[in-house]
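Listed in Swiss-Prot:
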COMPBIAS  101-126  compositional bias 'Polar residues'
CARBOHYD  ASN36  N-linked glycosylation site
CARBOHYD  ASN45  N-linked glycosylation site
CARBOHYD  ASN51  N-linked glycosylation site
CARBOHYD  ASN59  N-linked glycosylation site
CARBOHYD  ASN109  N-linked glycosylation site
CARBOHYD  ASN115  N-linked glycosylation site
MOD_RES   SER187  phosphoserine
REGION    99-127  region 'Disordered'
SIGNAL    1-23  signal peptide
TOPO_DOM  24-152  topological domain 'Extracellular'
TOPO_DOM  174-195  topological domain 'Cytoplasmic'
TRANSMEM  153-173  transmembrane segment
Amino acid sequence: MALCARAALLLGVLQVLALLGAAQDPTDAQGSASGNHSVLTSNINITENTNQTMSVVSNQTSEMQSTAKPSVLPKTTTLITVKPATIVKISTPGVLPHVTPTASKSTPNASASPNSTHTSASMTTPAHSSLLTTVTVSATTHPTKGKGSKFDAGSFVGGIVLTLGVLSILYIGCKMYYSRRGIRYRSIDEHDAII
């Protein structure tokens, strides 16, 4: 749930920054000064270190008709490390959008590793004809391949030598202890003797 809130907050911050950038840049990508323009506000890719990738993409276009010089907002790409979540909800305040969720799970591609699985979910929210918000969440799992068990002869011989060394030190130590202690004979009392 916290991931959903962070994704929505990040999307809102990027939209505000994109609108501020539009107010400062006097020309658009074609260099024209007026007319109808589509504006791309943000493109967010969220990548996790555990080989699971989540992508949240928001393509928001709006129509501008004015005599002032409109500008195209810069395409922004941000990489953030997050924990994976299964549900993403984004709501537009003041507008009740029609939501069309789709989900797909595909088998591994030829370009992907043979054991990877790619799962994606997409949600399109058309609120007005000039506003389109798309949220895509996809997770790719790449299983880690272990090196496997490999016999190392050096470690085997080293372990045997180490064990024999420790045993020999213990044996020599015990021999020295008993030799220094000396032999203690006990005299047999007459009541201990068996006659």
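Glycine too: its Cβ is placed from the backbone N, Cα and C atoms.
On a predicted model such as this, the values are computed, not experimentally measured, just so you know.
In the shown protein chains, 5 other C-beta atoms lie within 10 A of the C-beta of the residue listed as 'phosphoserine'. Confidence annotation: the topological domain 'Extracellular' (24-152) carries a mean pLDDT of 53 in the model.
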